[in-house]
Amino acid sequence: MNIGILSLQGAFIEHQKMLTRMGLNSFLVKEASDLDKIDGIILPGGESTSMRYISQRKELWSELKIRLNRGLPVFGTCAGAILLSKAIIEENAETLGLIDVQVRRNAYGRQIDSFEDFINLKFSPEKDYLAVFIRAPGFEKIGPHVELLAEYQSQPVLLRENNILISSFHPELTDDLRIHSYFMDIIKSKGRRIN
Ligand code: GLN
């Protein structure tokens, strides 16, 4: 199994370190042709406008959209989640439009308002997952087929729709492998819902 990580900008090395710790092969995706080599892809946190701009210039954007629509499993964290959403509230910017969720950028405030706190993951019996929020987006107008996997103060922060997983926080900045492991299960089941 080879996991791609979109590596144009943002926290891609941190995701790679997580996958290495799990004994998994990863591949830093920089070009459209790199998409042939992977079984799933992570879109990291960073700056969604920069990632969109760079990937559109490289034709990576359109090719990625095709693969994701065909069912390539994807995990978008923070800026990556923004790119996967159906629309950005109060902005007319293009998204990949894969998950039936609208996002509000920087919903929790600016860089200085970054914080970490404990949440519970619906798929894990162990309590207290430490979630790191950095200029995190808010998820709104969530469609009926989207599964809620975690919330923070009654707000959704981890969501899944078939082959698409999104978090508003940064699982790659902790030592906790549970969410990356959950994404590996999605890849193994090729995007089908696992109960
Ligand atoms: N606020 C950033 C954006 O809109 C995302 C922040 C992050 O990925 N940590 O792209």
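All residue numbers here begin at 1 and follow the chain in the order shown.
Including glycine, each Cβ sits where the backbone N, Cα and C put it.
Caution: TrEMBL annotation is automatic and unverified by curators.
TrEMBL names G46, E47, S48, I134, R135 for binding L-glutamine. Of R21, R105, R160, the residue it gives for the same site is R105. Each of G10, G45, C78, A79, I82, N106, P137 belongs to the same chain as G46, E47, S48, R105, I134, R135, is absent from that list, and has a C-beta within 8 angstroms of the C-beta centroid marking the L-glutamine site. Between the alpha carbons (Cα) of C78 (active site, nucleophile) and R105 (L-glutamine binding site) lies a span of roughly 9 Å. Of all Cα pairs drawn from G46, E47, S48, R105, I134, R135, which the record names as binding L-glutamine, the longest spans 13 Å.
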